[in-house]
Amino acid sequence: MIPLSGDLGDTKGVIKEKIGSFSTTRGTSTLKRGFAHMLKNGVVMDVTTVEQAQIAEDAGAVAVMVLDKLPSDVRKAGGVARTASIRIIQEIMDSVTIPVMAKCRIGHVYEAMVLQETNVDMIDESEVLTPADENHHIWKWDFTSPFVNGARNLGEALRRIEEGAAMIRTKGEPGTGNVAEAVIHIKNVNTELRRIKSIYDAGDEQDLISVARELKVSYSVVEETASLGRLPVVNFAAGGISTPADAAYLMTLGCDGVFVGSGIFKADDAKERAQAIVLATTFWEDPDKVKEAQKMIDERQSMLGLDTKNLELRMQERGSTA
Amino acid sequence: MSGVTIGVLAVQGDVAENIMATKMAIEELGLDGIVTEVKTPEQISDLDGLVIPGGESTVIGTLSLVNGSLKKIKEKIASGMPVFGICAGMIMLSKKAKDRVVGEMDQPLLDFLDVKIERNAFGRQKDSFESEISMDKIGINKFQGVFIRAPSIIDAGKDVEILSKFNEKIIAVKQGNIIGTAFHPELTGDLSLHKYFVSLIKAKH
């Protein structure tokens, strides 16, 4: 069974209808979170074209994420980054059998509605695009399609879940080819989870209430998360993953899977790298297999990457206080 | 008699949920047994029964082919090991699959269940649904079906027993010791299907 903490039940996104003689319900937390559970131990790859989506599917990607530009190009281009062209999303949906996700701007309710109408399988309310509303994320319970959101720490993750996110990913620092920030974020979440679990195990309700206040999230979500000792939804790593070893390392930190952005299609050996990262994510417990995967790539063909200390734009800070 | 050993194929997908459901099923039946994640041919060779969980069938197929698990699973099924395929797992067990939009598929399959599958038969994620279904033939009259980008069966051979239909679409089948469902019992908390599967293994053991 999957945990349903924070579930609001019959919200606007839940649709009941009759199909033949059967009563059906769509958009429930079980279906949204369940979808994310089917992605576990998989690699979701950022793509911008049909060709890239097909390479991703053939390499064993569990889903593709359609963008107008890869995150590193978003950085270079500057300006306002918005959701991808619907025509390209549609073409990709018609050419691959794996799930297709797309990004909308933080807080941009109507971009998300358009993606839902387009019928993408999951919507990523993403800091890679320019936020439309820094103070309010989308109230995701109003949607039938599931959402994934980025988080740098437990508070952000739980606030997004409270808004209806069916899946969480670390923010990392997208488009840098540098995994360091993703590592920090997953470790932050893990440390905080251990802390609230120990408070829960000690039966200290008063302390758990102060945690809820500190994280700016309701007590029931904190309590259920603390009892589980993990996030109540599937949690992937994202941001700066470039090599098989990067992916395997994040899996050892307890992530349920990985998103790879610029790391694959900004490298000169995209096809081999895509396969290698899938292998390393699947067989992360076996160092010999990860070595074999790492052997499939050429470090001279990795994207150059950026030092995350001196960035003009820190995407991870977008929407983080809300 | 020693207990049964049941594996859950742990290549990709909702492995943990099936491990928990199978463990609880064994416990409720009052049996002895262990439930374990399996990934390698060596681990698979020791099993009395196997669950192939939900996930992406292209990923599970491609990666089981790479490390030789696919071949080992075929040998085990051929020798009579009961196997339960859920959603992607049912696709894996089938002889033939096509996608509702993309068309005929050339993906690695186990080639046992004499059916033709239509992948994503009910549409994309927004069309995923829950509905009460029944499997009277195996004594389960009421079951909450959780259908996530679910497949359906469009053709079934003469040895395939149809366990359930949703609005004329075949969604659960049995062929000898093979069970396949288009929906996800492991997400519901209802253990009746996992219990039925464990009892098949017990009978064979």
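Every residue, even glycine, has its Cβ placed from backbone N, Cα and C.
According to TrEMBL, the feature L-glutamine binding site maps to B:Gly55, B:Glu56, B:Ser57, B:Arg119, B:Ile148, B:Arg149. Look at TrEMBL and you will find B:Cys87 tagged as active site, nucleophile. Annotated active site, charge relay system per TrEMBL: B:His184, B:Glu186, in sequence order.
Put simply, B:His184 (active site, charge relay system) is 7 Å from B:Cys87 (active site, nucleophile) when counted between their Cα atoms. When the binding-site residues B:Gly55, B:Glu56, B:Ser57, B:Arg119, B:Ile148 are ranked by how far their Cα is from the Cα of B:His184 (active site, charge relay system), B:Ile148 comes first. Neighbour list (B:Glu186 (active site, charge relay system), Cβ cut-off 8 Å, at least 6 residues apart, same chain): B:Asp14, B:Glu17, B:Asn18, B:Met20, B:Ala21, B:Pro53, B:Gly54, B:Ile86, B:His194. In terms of local Cβ density within 10 Å, B:Cys87 ranks first among the recorded positions B:Cys87, B:Ile148. Ranking the recorded positions B:Arg119, B:Arg149, B:His184 by other CB atoms within 10 A of the CB puts B:Arg119 at the bottom. All protein chains shown were included, and the count of other CB atoms within 10 Å of the CB of B:Ser57 (L-glutamine binding site) stands at 30. Packing around B:Gly55 (L-glutamine binding site) is summarised by its Cβ count: 27 other Cβ atoms lie within 10 angstroms of its Cβ, all protein chains included.
Sequence-distant neighbours of B:Glu56 (L-glutamine binding site) (same chain, 6+ residues apart, CB-CB distance under 8 A): B:Gln12, B:Gly13, B:Ala88. Among the residues B:Gly55, B:Glu56, B:Ser57, B:Arg119, B:Ile148, B:Arg149 said to bind L-glutamine, no two Cα atoms are farther apart than 13 Å.
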